[in-house]
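The domain 'Aspartate/glutamate/uridylate kinase' annotation in TrEMBL covers 16-272. Here TrEMBL flags K20, F21, G22, G23, T215, D216, R226 as ATP binding site. According to TrEMBL, the feature substrate binding site maps to T63, E125. If you look up TrEMBL, you'll see 384-444 marked as domain 'Aspartokinase ACT'.
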Amino acid sequence: MRGIVSMNDMEETQACIVCKFGGTSMADSESTERVAEIVKSNPLRRIIVVSAPGKTENSEKVTDLLIECHREIEACGKCDQTFPLVAARFLQIATDTKDAERELAKIKSQMENSGQYDFCVSRGEYLSAYFFAKRLGFAFIDAAELIRFHRYDGYDSKESEKLCRAKLKNGYAVVPGFYGADETGAIVTFSRGGSDITGSIVAGAIKADLYENWTDVDGILNADPRIVENARIIPKMTYGELRELSYLGASVLHTDALVPLIKNRTPLQVRNTFCMSKRGTVIYPCLKEPEKKPVTGIVGKKDILVLFIHKIGMNQQKSIVRKVLSVLEYYGVSFEHMPSSIDAVNFLIPKSSINDAIRSAVLSEIKKSIRPDEIKFIDRLSIVSVVGRNMYQCVGVAEKMFAALAREKINIRMIIQGCRELNIIAGVDEDRYEDAIRALHRAFLEEETPS
Ligand SMILES: Nc1ncnc2c1ncn2[C@@H]1O[C@H](COP(=O)(O)OP(=O)(O)O)[C@@H](O)[C@H]1O
Ligand SMILES: N[C@@H](CC(=O)OP(=O)(O)O)C(=O)O
């Protein structure tokens, strides 16, 4: 029986749980021991995906150290300065020092011989899984044998799922997150935070009954705790909601990790490695419930750049938007939202994805291409959003949102409603961003009873 979340039910049905433990959980020998206890406390936890050790008080994330190693190798062919810092992290974690020294020396020389960026930065996950498999007495299965990329086409879901099913159907295994290999055997990594993606690919492929994503917070909070003091854990939500929340800043889980889970209808539970008694947040493909709260969480993003284009009669000239999009595509600029009116269109672009040179190239190419009446970049905008699966059937959400912002004298510079009616987004001045998040949290979520 699939799709159940009660632990007791799952034990009776002999279901399989795929667990992913992030860098915060794998950071040192003490937390790794805690992770081992979690795994062993439930025999259904069969497939364990791990990240490289994360940041500690005295050290950077191992992945960042490995990036530095690669820089050193490029400069002088060796990584004698930085690799000892990596080795020290793993020597503290590994249970068999002699074996660890051998393995670390081997990896260092492979890194120096290969010099390939993805190979070097992925070795944190490789070593983390290798040592953790030994600690648990589970098999170590290299992600290069499971996750397939194509040199030019990127990730290959069909082939990866086939490999995962063939190699992980039975037994107990630890798998490194974050990377796979292409058809030539060369290592390819996902983007940063990508171990979440490995975990969800594996869970989806083997039709796991549950994907547990273990981290250092009690679950997904209904607002950023750095802005809202009394942000609370959301006990359950749908994938649609999580996608909106994580895309706009609740960055507990990599956004790309959701696709394989949605496709395979695998439930996900976000839990705290350091507080096992908490049930965290459970995310379901869909939820049927009597209670219809319109808003689940408040999120937002700073540093949004708006490309504003105005041209009288734009709505009647069919090729205008296509021409603008081809300029953006040519310069590799991706946008997140595109609100439009009869004579104007805005493209909301994350500031980090565009530099000054590209900004001016984009402006001059669009001017040449469509001869707008006005075109400019607007800086210092941020977006805030209310997200909720039930808002499409509740009256008054927009009114409450705008009233809450008006009460704080926050000027709304733009309004966007997502097509699936899962969210309403308002553009506000960057210096009012935190005030806006707090105002919306107060209006929609503060009367909630604690979970
Ligand atoms: N809405 C939110 N709810 C919970 N955590 C959040 C939220 N937004 C951001 N975070 C941050 O996400 C972090 C967990 O993700 P990450 O650092 O990738 O962990 P890991 O190393 O376990 O993969 C938390 O420590 C927390 O600071
Ligand atoms: N270690 C990689 C991949 C990863 O997923 O890490 P974490 O689970 O600690 O976010 C990174 O730092 O990006």
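Using N, Cα and C of the backbone, Cβ positions are placed for all residues, glycine too.
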- Comparing local Cβ density (other Cβ atoms within 10 Å) for the binding-site residues T63, T215 points to T63
- Measuring CB to CB from G23 (ATP binding site), give everything in the same chain under 8 Å that is also at least six residues away in sequence. S51, A52, P53, G54, K55, K61, V62, T63, S195
- Message: Roughly how many Å lie between the Cα atoms of G22 (ATP binding site) and E125 (substrate binding site), rounded to a whole value?
- Response: 10
- Please check each of the binding-site residues F21, T63, T215 and report the ones with a CB atom less than 6 Å from an atom of ligand 2, ordered along the sequence. T63
- Note on the structure: Taking G23, T215, R226 as the binding-site residues, the residues having C-beta under 6 A from ligand 1 are G23, T215
- Item | Local confidence of the domain 'Aspartokinase ACT' (384-444) - pLDDT mean | 92
- What does DSSP give as the helix, strand and coil breakdown of the domain 'Aspartokinase ACT' (384-444)? 29 helix, 17 strand, 15 coil
- Query: Within the chain of E125 (substrate binding site), which residues six or more apart in sequence place their C-beta under 8 angstroms from its C-beta?
  - Reply: V50, S51, A52, A143, P176, G177, F178, Y179, S195
- Counting other Cβ atoms within 10 Å, pick out the least crowded of the binding-site residues K20, R226. R226
- Name the residues of the same chain, 6+ apart in sequence, whose Cβ is under 8 Å from the Cβ of F21 (ATP binding site)? V35, I48, V49, V50, S51, W214, T273
